[in-house]
Amino acid sequence: MLLISRWWDAGVVAAAVLVAALAVATTEPTPWVTVTALAALAVAHVLLGRRAVRAEGTALAYGYAAIVVACVGVACAGAPIAAMVQMVAYPVIWMVSPTVRVALGWNAAMALAVLVGTGWTGDWTDGLLTALLSCAMSVMVGLWITRMATYGAERDALIAELRATQDSVAALERQAGQDAERERVSREIHDTIAQSLTGLVMVAQRAQREAALREAGGEAPDAARGAENLAVIAELATDALGEARALVAGYSRGGALTESLARLAEGFERETGVRVTLTDERADRSLSREQEVVLLRCAQESLANVRKHARASHVLVRLTDTPAATVLTVTDDGVGLGPDGAVPSSCAPGEGRGLPGMRQRLALAGGTLEIGAGDGVSPREGTRVRVSLPHAVVAPAEAPGVAAPPVEPRAEAVR
């Protein structure tokens, strides 16, 4: 609905008064019929015009349009010059019409009224020309304005829809960011704190079993062995506390990958008794902090799987490089894969957060994970885990705006 302003009200009244004055000045005798009709038009507009425009398509609007058409026709019958009032009458018709079809109908009625009025006192030919030209101009201008109004409404609707879509996308991005951060924290807890706590539990359980066996055999407790177990428990608990604080603070303590892997191997040997050999054969050891985190976490997970599933006596951890990637290989001399070469069910994707978490971390970094038979560490077949991480890819080990987690080795994993 088009809103009418006070300036438009004043313009309609002024146009009626001006045309009436011109009719009086140019017509003899004084065309009182024209003056009366134009006065009625002005009064009708003042009393009904604003309400009719706001109530377009109603009986009030149609009644007002009929009054306008009648007043214009009567005014033209009194003085043909009164046809000039069409310059405000046609816009009024468009304003009160709810559709283009209705507006065209009222335009035809207005043209007929002007034709009859001007032909009543003058030349029908002149009246026809005036009516047709005025109606054609009204239709062209009215359709153009209507199209612009429709375009504006559609544009406003599209803008509103776009804003709603942007708000929805922003909400989804926030949710995705929250989910990614939860996933990152979950991986870091699994790869750090959970492994420390698992190692702590296993050392404590080992100490309990040893104490129970000695008690059952009537032997005195082994103070040295007990002190060793307590020292390992204290170290693991201290590490878990430090990892928790570092995770909360987003603090990165640093440490090269080789040194971190060495500490990881040392802790694994001490806690499990399984010998670990670490070799670094890389020509280029320049890795980003995020890439080091990815490789270290993969080594942690691989050793955790050795402990849980392999029953191995020796593990070889190798760092090598190719022209395109850095390669981490963890090979054990344990029981190996299943008869059909399948990964044990407890290690398969979908079981826990171990290998699935490793695969997801590598996928985010553009790396690959291969699991197969060992490569001759011992006469037993064993298992080999091969991680390849492209040189050019900076692994997104954490969500944007979050510091990299500390590169600190842990020898245990929770499935």
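Going from the start of the chain as shown, residues are counted 1 onward.
Using the three backbone atoms N, Cα and C, a Cβ is placed for every residue, glycine included.
Quick look at what TrEMBL annotates:
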- 7-25: transmembrane segment (TRANSMEM)
- 31-48: transmembrane segment (TRANSMEM)
- 60-83: transmembrane segment (TRANSMEM)
- 103-120: transmembrane segment (TRANSMEM)
- 127-145: transmembrane segment (TRANSMEM)
- 290-393: domain 'Histidine kinase/HSP90-like ATPase' (DOMAIN)
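The stretch from 7-25, 31-48, 60-83 with the most CB pairs below 8 A to the transmembrane segment (103-120) is 60-83. Under 8 Å from some Cβ of the transmembrane segment (60-83) lie the Cβ atoms of residues 19-20, 22-23, 26-27, 31-38, 40-41, 44-45, 48-49, 51-53, 89, 92-93, 96-98, 106, 109-110, 113-114, 116-118, 120-122, 126-127, 130-131, 134, all in the same chain and six or more residues away from its ends. Listed by sequence, the residues of this chain that lie at least six past the ends of the transmembrane segment (7-25) yet keep a Cβ under 8 A from its Cβ atoms are 31, 34-35, 38-39, 41-42, 45-46, 49-50, 75, 78-79, 81-82, 84-85, 87-88, 92.
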